C-alpha cells in the first residue's frame, strides 16, 4: 500500500510540474502578475480539453469523436519550431515504442499552432519524419484558436527576421494525456524523458483485461 501511495504521489508531483509549465508559459507570453494569478486560480478547477474539428495531415476533417475509445497524447507545436517541438516528438516516439503492443492504445496528436504555414502536406511530412503513428492536425486560424482555448494552451507570433517568413511562434509546451472520452487524465512536462513518460503511461492506462495478457506482454 505504501508503495502504491508513493507512486501516486510521484504522478501527482509530475502533474503539478506540468501545470506550472502552462502557468509559466502563460506569464511569459502575455506577461503581468494579474495574468499569472488568473491562470494559477483557473487551472486546478478548469475543464481542460473539449470539442474540436480540425484537418488531419491527409486532408481529412476530423474531430475528437474520431478518437473515441482510445487515449490521445496531444502536443501543440509547429513545423518551423527549431528546438522543443522536434525534441518532444522524438521523445514521444521513443516513449511509445517502450510500451510495446500497448502503444496501440494511444494516438499521439500533433496540433499545429501555425496554420498559416502548416498545411496538411507540410504537417504530414513533418510528423512522418518522427513516426507514422503520429497524427498531425491543422486548420483555420479560428479552428486552431478554439482548440487552444479548449486546452488552455497559448500561442502567438514573435517577429524573428532571420527565420522563414520573419517569425517564430511562442507557445505552450506540455503533453496532454486524454482518455477515450476526451477527458484529461494527466499532464506531462515536455522535459520528461522517454522512460519516465513510458513508465507513467503504463500506470495510467486501464488495467489489461483478461485475455489481453498474451498480446500485451
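Note that Cβ sites are derived from N, Cα and C of the backbone, with glycine treated the same way.
All annotation found in TrEMBL is predicted automatically rather than curated by experts.
What you see is a predicted model, and the numbers here were worked out from it, not measured in a lab.
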Do you know which of 2-20, 21-39 TrEMBL annotates as transmembrane segment?
21-39
Compute the centroid of the Cβ atoms of 81, 85, 171, then list the same-chain residues not in that set whose Cβ lies within 8 Å of it, in sequence order, for the Cu cation site.
76, 77, 78, 80, 83, 84, 88, 113, 169, 173
DSSP on residue 171 (Cu cation binding site), three-state: which is it?
strand
